Amino acid sequence: MVSSAVLGFPRIGAFRELKKNTEAYWSGKIDAEQLLKVGKDIREKNWKLQKEAGVDIIPSNDFSFYDQVLDLSILFNVIPDRYTKYELSSLDTFFAMARGLQRKATETTKAVDVPALEMVKWFDANYHYVRPTFSKSTNFKLNGQKPVDEYLEAKALGIETRPVLVGPVSYLYLGKADKDSLDLEPISLLEKLLPLYVDILKKLADAGAKVVQIDEPTLVLDLPENVKAAFQTAYSKLAAAEGLPELILTTYFGDVRPNLDAIKELPVSGFHFDFVRTPEQFDDVVSIIGEKTLSVGIVDGRNIWKNNFAESVDFVKKAIAKVGADKIIVATSSSLLHTPVDLTNEKKLDAEIKNWFSFATQKVDEVVTITKAIAGEDVSAKLEENAAAIKSRKESKITNNPEVRKRTSEAQADESMAKRHSDFPTRLVSQKAKYNLPLFPTTTIGSFPQTKEIRINRNKFSKGEISAEEYEKFINSEMETVVKFQEEIGLDVLVHGEPERNDMVQYFGEKLNGFAFTTNGWVQSYGSRYVRPPIIVGDVDRPAAMTVKESVYAQSLTKKPMKGMLTGPVTILRWSFPRDDVTQKVQSYQLSLALRDEVNDLEKAGITVIQVDEPAIREGLPLRAGSERSDYLQWAAESFRIATSGVEDSTQIHSHFCYSDLDPNHIKALDADVVSIEFSKKDDPNYIQEFSNYPNHIGLGLFDIHSPRIPSKEEFIARIGEILKVYPADKFWVNPDCGLKTRGWEETRASLTNMVDAAKYYRGKY
Ligand code: GLN
Ligand code: ZN
């Protein structure tokens, strides 16, 4: 009998309960017990929902208060000493590792001042995990038993679950060495770590778990030989241990074929593959199944489009023909963490378009329906409804605008569209003459604190409770505050602060044709930060200017240059749910043309420093080397250049990147005049070195904007000093890691003041 499985369900709650309560806990409004209860309620709801839908294999331990990888670091006691010395509760240690903690001493507690661990992209998703950080002094031992507790919690509700764990090879490989142990290669810790996996798996088995979903997503990466070999070591050891549950080795987000040798003989009871992303791997991966179970990832865990039942049923039947029905599991392609919770909560979507979508709750049903169809149950009504929705999308006017298609292919053919008039050295001369900036020019990345007041006003405006004039007046007054503040502390290139923007992608999506929006379609980006990605439903174009009014007003308030602020084509694409009926490349070119019109309009209106953010450019990089990756690099860079190359030499194009280890060569291809990159938590000296030859100007981010912690002036001076050892002073901009929207005013004011003072200190020295 074919069974159905879900690999993970969103843990944020249908109405962002987790965020609201986590933040309430951080600000002291609720206590730990109350927060733990919220987690428990969410888990219960999720399990029951899946149970009632008829899912056979329901996940547990897919819940986390921040990040599932950080959960494992806590479980295995991979906790750097700097977090343990304060004797915080385990929940607070967890949050301190996630987001840093700075707290004044009280009568009963010591002062705390510790930065967060590094946070990085989860493969090519817009999710971020907290990087396991290993040291020679890491004292591996089990710290609690979260996976067991949650398994038992479900069991107590009468629900049998399949616990999820990130596997040992991926856990190590996704980590890094701590500052004090830079020559430590995490994978070398495998022997030390494995006994803990044995322990926790044994505990799960003792609690009653028959099967565990063990995630090894690194199998879709290009792996070094020693990491490939680690799979054999790890899984033989686990197989040799007595009394462990069965393991389903789970991969997702890509192609496993290049690593097939590393896993084909593994003594596990089954494999899961992502056939949504890479259906082409079918024949090869099936060849290693033998007597094992094959979990067929067929319902997309990364996008919101309705599954095509007819195609999925055929696909699963193909698998059955190869391995037999009793070995087949019909599953989501990955965890559903990356999809919004429930489409039925969307009341404002156009009915036709809404009928093309499926969110996590609906995907659970899809898995069940496909399984039933295979089993021969009568689901004909559902199949027909599904076929009608697929047809409606294919034939809709929204998905095919001949004018946009024409402009896009013309632009692709015209090389001059993607090239500035002159090379960087020539542009630099005009820009120097025009702006006359000091050495170590200071700037910020765009947003300033999005205060409660801003959110309230935006809300009121969208509900029609205040008029457009009132809202504009409010936004203007916010810009006035931000500009005044920046002048006061002496920043050189100012920003308007982005008070009018709910989100750097949504804001643009709302002004472009071809997008749809949800009211509640949140997905977790990191910790308590969720995003509500727009959905690219059709061909994209720009009906009118999007940012000119605000930038022009902000410029009118100051003599200093005001930086226009746009989100780049690749980032808009990556942080939206893209179409799956048109290539990403075409979607990116459509966006780049819309942005080109905006850049040109800004320049015409006198805004001649323009930042086009591409923080997502790195995450879009195909996970493996090869032609897909080189194609991507080509079209991603070209899209950026199409957007930014319609301007004069003296117009200074900035760009910004964050959340990832960047390759300077990829950034070079954009030919921006100035780039700013996240940098404050990069301890690896090679990383600084790699950027020292970057030809254009660059701002290496000097403080972590994810943390409320305030670095002192001395800390900035020390950090800049470090960088200046390898980095040329005349190319060096001074800025934070990223925008400040998630910060409060108090820490923003203090941090930026210290940062500017440090820049002034170095101006005095050079
Ligand atoms: N300009 C944006 C901001 O400051 C950039 C955000 C980002 O890179 N994530 O908010
Ligand atoms: Zn950023």
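The backbone N, Cα and C atoms fix where each Cβ goes, and this holds for glycine too.
Owing to the predicted nature of the structure, the values given are computational and were not obtained by experimental measurement.
Summary of the site annotation: TrEMBL records L-homocysteine binding at Ile445, Gly446, Ser447. Screening the candidates Asp274, Asp283, Asp284, Asp613 against this entry identifies Asp613 as the one listed for that site. Listed in sequence order, the binding-site residues among Lys19, Gly446, Ser447, Glu498, Trp575, Cys658 whose CB lies under 6 angstroms from an atom of ligand 2 come out as Cys658. Looking at Lys19 (5-methyltetrahydropteroyltri-L-glutamate binding site) and Cys658 (Zn(2+) 2 binding site), their Cα atoms lie 23 Å from each other. In the three-state DSSP scheme, His656 (Zn(2+) 1 binding site) falls into the strand class.
Rounded to the nearest whole angstrom, the C-alpha distance between Ile445 (L-homocysteine binding site) and Cys658 (Zn(2+) 2 binding site) is 11.
In the three-state DSSP scheme, Glu678 (Zn(2+) 1 binding site) falls into the coil class.
Among the binding-site residues Asn126, Gly446, Ser447, Trp575, Glu678, the residues whose Cβ sits under 6 Å from any atom of ligand 1 are Gly446, Ser447. A Cβ within 8 Å of the Cβ centre of Ile445, Gly446, Ser447, Asp613, the residues given for L-homocysteine, is found for these other residues of the same chain: Thr444, Val495, Glu498, Met504, Met565, Gln611, His656, Cys738, Gly739, Lys741. For the region 'Disordered' (394-423), the DSSP counts in helix, strand and coil order read 18 helix, 0 strand, 12 coil. Closest in space to Ser447 (L-homocysteine binding site), of the binding-site residues given as Asn126, Glu498, His656, Glu678, is Glu498, taking the CA atom of each residue.
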